[in-house]
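J.: One structure follows; several queries about it will come next.
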Amino acid sequence: MSTTKVKRRVGKYELGRTIGEGTFAKVKFARDTETGDPVAIKILDKEKVLKHKMVEQIKREISTMKLIKHPNVVRIYEVMGSKTKIYIVLEYVTGGELFDTIVNHGRMREDEARRYFQQLINAVDYCHSRGVYHRDLKPENLLLDSYGNLKVSDFGLSALSQQIKDDGLLHTTCGTPNYVAPEVLEDQGYDGAMADLWSCGVILFVLLAGYLPFEDSNLMTLYKKISNAEFTFPPWTSFPAKRLLTRILDPNPMTRVTIPEILEDEWFKKGYKRPEFDEKYDTTLDDVYAVFNDSEEHHVTEKKEEPEALNAFELISMSAGLNLGNLFDSEQEFKRETRFTSKCPPKEIVRKIEEAAKPLGFDVQKKNYKLRLEKVKAGRKGNLNVATEILQVAPSLHMVEVRKAKGDTLEFHKFYKNLSRTLKDVVWKSDDLQNQLS
């Protein structure tokens, strides 16, 4: 197994590992070679975007989002294009998903949940006021920065999964219905602002309760519960919080509470401070126009550099501060990705992962020392895909990265726990990693 890895550059950015995948895009960790700063780069396939007939809407929304500098919204720094790809350079957020906190510590205290909800409503309201709707608010789009502040990702990019029909309303097919408004599930066309608000209500419920308001193993029963807003508050929910949630989770979008009304709600207003930030637009949109006009003179340079040795310290650096800790440390915080080290030969690691995944209902696809685990039977929360990669960091030491490629965050955590029980004999305690290499 090689100890080298070919580096790929796009413009001034050096691309690293894949940190997220979707139907239309892949997200990679990258480094600005001029400043050394970490960024995330969302890579879109131009042909798919053109086929989807959403170019104008995506162009408009990306242009708007590039101008937005709200503290609770993930920034778009730059847009680049090549002959076949669109590269969107984004702020890199290091604190994991908001719902990791729920998985690790259970429901939040009311004042803590309120603070995150205030930040969420601020972000949503700001983007709505500029004509951009999210339409796909769910746990993996709610991130935390290193200071514990909420950052909403993928605003302005959700048009990739939408279709506008002759009635002028948005239509979508949803794979994860738990956070989705009744009018979206009915596919009769919907108002993006009111649909976003419903999702915010579901998110607030989870923060306060520690579980979803609408949950059922039968998909049709789940749809019925959502359509009728059939849910029960846990006994510890305060009356003011119940009152607000009941107004948000109103199945009729015409009578559902609006954001201006939420901003005046007594429960919401407690301890509320509107964020202060610089709204001056010193940003150019020339790069966006060049990409979507497909101007060849503005195509970014894509190139692969000579392979160089990859050691554990470079891997730690590439991970931008993410913990290299043992996968099975019971105190370790859950993330959408994790790593462990092993002294086993790579072929044995692959075999053990296969043996662990198949009884859990996963189909395993192998390519060299990369594995893709895909749930054979999609659950009510859609398909769960898990990507793993084995990297050699010393002659007898390997690092294994396990990450969620697609699917529900909470489902990934369940998979992770089951996998950990089977792979314990493969994992080597990483506390000695530095001694091994020194």
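Along the chain as shown, residues are numbered 1 onward.
Using the three backbone atoms N, Cα and C, a Cβ is placed for every residue, glycine included.
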J.: Need the matching range: Swiss-Prot marks region 'Activation loop' on one of 4-33, 94-123, 154-183, and I'd like to know which.
T.: 154-183
J.: Of the ranges 245-274, 335-364, which one does Swiss-Prot list as region 'PPI'?
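T.: Within the set 245-274, 335-364, Swiss-Prot attaches region 'PPI' to 335-364.
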J.: Across the region 'PPI' (335-364), what are the DSSP residue counts per state (helix, strand, coil)?
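T.: Summed over the region 'PPI' (335-364), the classes give 15 helix, 9 strand, 6 coil.
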J.: To the nearest whole angstrom, state the Cα distance for the pair Val27 (ATP binding site) and Asp136 (active site, proton acceptor).
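T.: Here the two Cα atoms lie 17 Å apart.
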J.: Determine, to the nearest whole angstrom, how far the Cα atom of Asp136 (active site, proton acceptor) is from the Cα atom of Ile19 (ATP binding site).
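T.: Computed Cα spacing between Asp136 (active site, proton acceptor) and Ile19 (ATP binding site) is 19 Å.
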J.: Across the whole of the domain 'Protein kinase' (13-268), what does the mean pLDDT come to? Round it, please.
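T.: Value for the domain 'Protein kinase' (13-268), mean pLDDT as a whole number: 85.
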J.: Suppose we draw a 10 Å sphere around the Cβ of Ile19 (ATP binding site). How many other Cβ atoms does it contain, all chains included?
T.: 21
J.: At 10 angstroms around each C-beta, which of the recorded positions Glu21, Asp136 has the fewest other C-beta atoms nearby?
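T.: Taking Glu21, Asp136 as the recorded positions, the minimal 10 Å Cβ count falls on Glu21.
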